[in-house]
Amino acid sequence: MAAPGPRALRAALCGGCCCLLLCAQLVLAGKGARGFGRGALLRLNVWPTTQGGCKHLGHCEHCVDRAHNFSICVWQQCGPEEPGHCVAQAEVVKEGCSIYNHSESCPASHHHSTEEPKPSTTGSPPIPEDHSPGFDGASFIGGIVLVLSLQATAFFVLRFLKAKDSTYQTLI
């Protein structure tokens, strides 16, 4: 079998680049595998493990949000007077407790504290704001512009290299 020619190599390179860009767009758009959403490659979805587990997630929405964890945490509320707390799925006590694992099912917080919040002196990073899932038109247009500019750059680079190869002539 003969070695693949330069056109086959170029086609393979272009196909691989297109697949890579498509995967990047899907991940950034939140269409990837479970646990991968907007910015998941940067955040690496290790929020609970870097912050000391599920117990650091103080709100039901943050506890069960897939952007903050791999759904290993659930919100447990064992009575109307208790505000509830975030626990790992393996630590759930099922007797007389309500378990919430979706942000839509989280109980509405009717309890408002009368105390003023005290300034924190710990060096913990702020919790990132939640972004509503859905179609982001600006990101989509930006992705299209990015892909088209990369394809145009690759086209002109390959055209330049091909033109440079054709100027060589043999002496014989």
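From the backbone N, Cα and C atoms, a Cβ is placed for every residue, glycine too.
These come from Swiss-Prot:
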| type | residues | note |
| --- | --- | --- |
| CARBOHYD | Asn69 | N-linked glycosylation site |
| CARBOHYD | Asn101 | N-linked glycosylation site |
| REGION | 108-132 | region 'Disordered' |
| TRANSMEM | 138-158 | transmembrane segment |
| TOPO_DOM | 159-172 | topological domain 'Cytoplasmic' |
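Secondary structure at Asn101 (N-linked glycosylation site), as computed by DSSP, is coil. Every protein chain shown contributes to the tally, and the Cβ of Asn101 (N-linked glycosylation site) ends up with 15 other Cβ atoms within 10 Å.
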